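Per TrEMBL, these features apply:
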type: TRANSMEM; residues: 27-46; note: transmembrane segment
type: TRANSMEM; residues: 67-89; note: transmembrane segment
type: TRANSMEM; residues: 101-121; note: transmembrane segment
type: TRANSMEM; residues: 133-152; note: transmembrane segment
type: TRANSMEM; residues: 158-176; note: transmembrane segment
type: TRANSMEM; residues: 183-203; note: transmembrane segment
type: TRANSMEM; residues: 215-238; note: transmembrane segment
Amino acid sequence: MLVGTLGAAGIFALVGASDFGPSIALALAPAVVLIGCVWLLVAVKAERANPKPAPEERPPRGSFSALAVRLAIIGGLSGLYVSLVTPFLPLFLTQGGLTDSVAAIVVASMSVVQLLVTWWITRRGIGERPFRLFFVTELVTGLSTAAVALVLDVSVVLVAGLFLARAAFVAIAVVAEETIQYAVMPGASAGALFGISQTAFLVGDATGGAVGGGLWVSVGPVGLAVLAGAITVLNALLLPTLLRRHARAAPARTGS
């Protein structure tokens, strides 16, 4: 995902840097899709070649359904707030006065920040309280997103700084969230539950993409930043509320 965002920022820079930018972007886009298809085919063949482990005892149906609904709610909210911000990052920056190329560099820098922070936090570990870490970092992510609305007409440097800080906190929150999800998913149902969570994320992402453009036109960047920040803060509150009970049922895998 980070590499993809970095590549997209590079293509965006090419479009704004020269007269041949659009042609290069149109040539690179299908090539990237083709590479992705080839990779998927290779990955599927490798998975088929590996023997499947013996099935484990499944959890009670009611427990599975309750956890699936909770993960779907969290995944949908996460996808929604991501798609309300990420596609519009260049517009936030160019509206503040940056050129297309400089905005692309800033967006690429956000991806680099996320990559470095993710590398650092995975090496360091998130400690024994992933819920607390998630709540704090997700809350700061939401507040920094909403703060963009306050400084949008003040300084584009502040806008870029907030987005860079947001990228760092998003990276930590994602690692904490994935750790929590791994801890609450029973081994026998992990694949199905992970699929539900990711599908809900994609649904939220698609929903945000569908309404984001209209919101940008109707309420402007200020309203969009406030809305995305509010949804992020809501997600920071909901995840610990919905999943803490399931984590307590598996105390050996995570703390609170």
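Here, residue 1 is simply the first one shown, and the rest follow in order.
Heads up, the Cβ atoms here are built off N, Cα and C, so glycines get one too.
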Candidate ranges 67-89, 133-152, 183-203, 215-238 - greatest C-beta contact count to the transmembrane segment (158-176) (under 8 angstroms): 133-152
Dominant neighbour of the transmembrane segment (215-238) in 67-89, 133-152, 183-203, by Cβ pairs under 8 Å: 133-152
